[in-house]
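Some notes on the structure that comes next.
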Amino acid sequence: MSRSLKQSVINFTRKPVLATFLFGMSSGFPLTLVFTLMTYWLRDYGVSRTGIGLFALIGLAYNIKFIWSPILDGVQLGVFARRFGHRRSWLFLILSLMAGLMLLLAQFDPVADIQIVALIAALIGFLSASQDIIVDAYRIEIQQDEELGQGAAMYVYGYRVANMLAALSGLYLADLFGWSVALSIMPLFAFTGMIAAIWVGEPSQTEEQKEQRRNQTYKSFMINNVYEPFKDFLTRDNAILILVMIIFLKVGDAMADMMIGVFHIDLGFTKIEIADYSKLVGQIALFIGMAAGAVLYGAMGKYRALFIATVAMMVTNLIFIWAFYQGNDVIALAISMATEKFATGMGATVMVAYMSSLCNRNFTATQYALLSSAAGVGRTVMGSSGGFIVDAVGWVNFFWVTTVIAMPGVILLYILYRRSPETED
């Protein structure tokens with residue numbers, strides 16, 4: 001075993017890297033509730049496809065979280081910060097509020113109380129986006145530079161494990177005991193983030209950082225936490241091109257992902273069939289794809305790896321056209337989900353590694369929030385139109401749209417690759 005490979009394996013066993021797996025779980029479960037379980041819940045109660053598609057707008061907070069990321073990065077929570085530390089105090093507060101709102105959500109009828117349900121879901125989305133800001137900064141600050149690659153992989157694995165566990169437990173419990181019980185168990189996942197923060201401790205700060213947070217004025221806050229992070233990123237070569245590319249690369253996949261639960265219900269699959277053949281098989285393929293993405297990124301370089309992964313994500317949406325013509329066939333359900341999720345897994349690992357590589361460690365919270373906000377635009381803005389498109393053109397043409405709409409991102413990626421040092425290899 002080479003020295004670098006041996007060191008890579010050792011890094012996976014270190015406490016900061018292992019804790020990042022739990023942080024990933026904490027970040028992953030709210031997204032499953034808002035964008036997966038809620039679509040099944042709403043459709044189960046007879047909400048229209050168009051109405052369900054509009055619920056994607058709940059995720060708007062993920063797209064604009066860079067706006068309030070400087071507040072979470074620079075503002076102390078008084079006695080809570082003195083007791084738990086800056087990052088942990090914010091994390092504990094956010095997770096506690098989110099857990100309470102999830103318990104409250106379970107008490108309402110999604111048809112009779114649709115406006116209240118939408119409001120609570122929007123608040124959960126806001127808190128979830130805020131948690132991501134804290135967790136992204138946290139996981140980078142507790143790791144050494146040589147651990148960041150393994151930490152990114154563990155974060156994605158934790159994120160997806162939470163997606164799988166939340167979706168499977170939610171669907172099974174909904175089928176056995178009803179949606180109120182299923183939604184009520186979601187807050188249990190919040191403990192993963194709390195456990196990780198307690199286990200690994202507060203990220204270390206220099207005396208200069210502590211003094212800056214204690215004695216900052218409004219002017220110094222704006223300069224250090226708003227102006228400098230954005231200036232540092234936006235004055236780089238191709239900064240705007242990178243942001244636009246990230247937006248388009250995620251559009252088609254996000255649109256399909258938002259409507260896939262409705263697609264399966266419309267084909268007549270039961271919740272148990274969806275849990276077994278879609279969620280379980282799909283998640284196994286996803287995990288294999290994430291490992292493939294890590295290998296691809298290390299072997300091919302970031303732009304080549306991104307190109308391969310995103311083209312795979314774009315093309316595999318077309319397999320759902322084949323699944324549509326197979327109808328209520330669980331084998332077709334399993335094959336289509338396994339194929340699509342493998343590509344998604346590759347893309348997820350490569351994208352997290354790519355965006356992490358773009359961040360200045362001095363401004364991690366705000367810069368990563370900016371990049372991940374761009375990545376979430378497709379899920380929210382275009383995802384919300386999925387229901388309209390299906391109603392207008394049908395499922396077959398919808399999946400063609402999700403494929404074609406990702407093309408601008410692939411073209412921009414090729415332009416960036418041609419301008420990158422990788423072309424000199």
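Just so you know, glycine gets a Cβ as well, placed from its N, Cα and C.
Annotated in TrEMBL:
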type	residues	note
DOMAIN	16-421	domain 'Major facilitator superfamily (MFS) profile'
TRANSMEM	21-42	transmembrane segment
TRANSMEM	48-68	transmembrane segment
TRANSMEM	89-108	transmembrane segment
TRANSMEM	114-135	transmembrane segment
TRANSMEM	156-173	transmembrane segment
TRANSMEM	179-200	transmembrane segment
TRANSMEM	239-260	transmembrane segment
TRANSMEM	280-299	transmembrane segment
TRANSMEM	306-325	transmembrane segment
TRANSMEM	331-356	transmembrane segment
TRANSMEM	368-389	transmembrane segment
TRANSMEM	395-417	transmembrane segment
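In this chain, the transmembrane segment (395-417) lies close to the transmembrane segment (239-260): three or more C-beta pairs between them fall below 8 angstroms, excluding pairs fewer than 6 positions apart.
Take the transmembrane segment (48-68) and the stretches 21-42, 89-108, 114-135, 156-173, 239-260: counting Cβ pairs under 8 Å, 114-135 has the most. When pLDDT is averaged over the domain 'Major facilitator superfamily (MFS) profile' (16-421), the result is 83.
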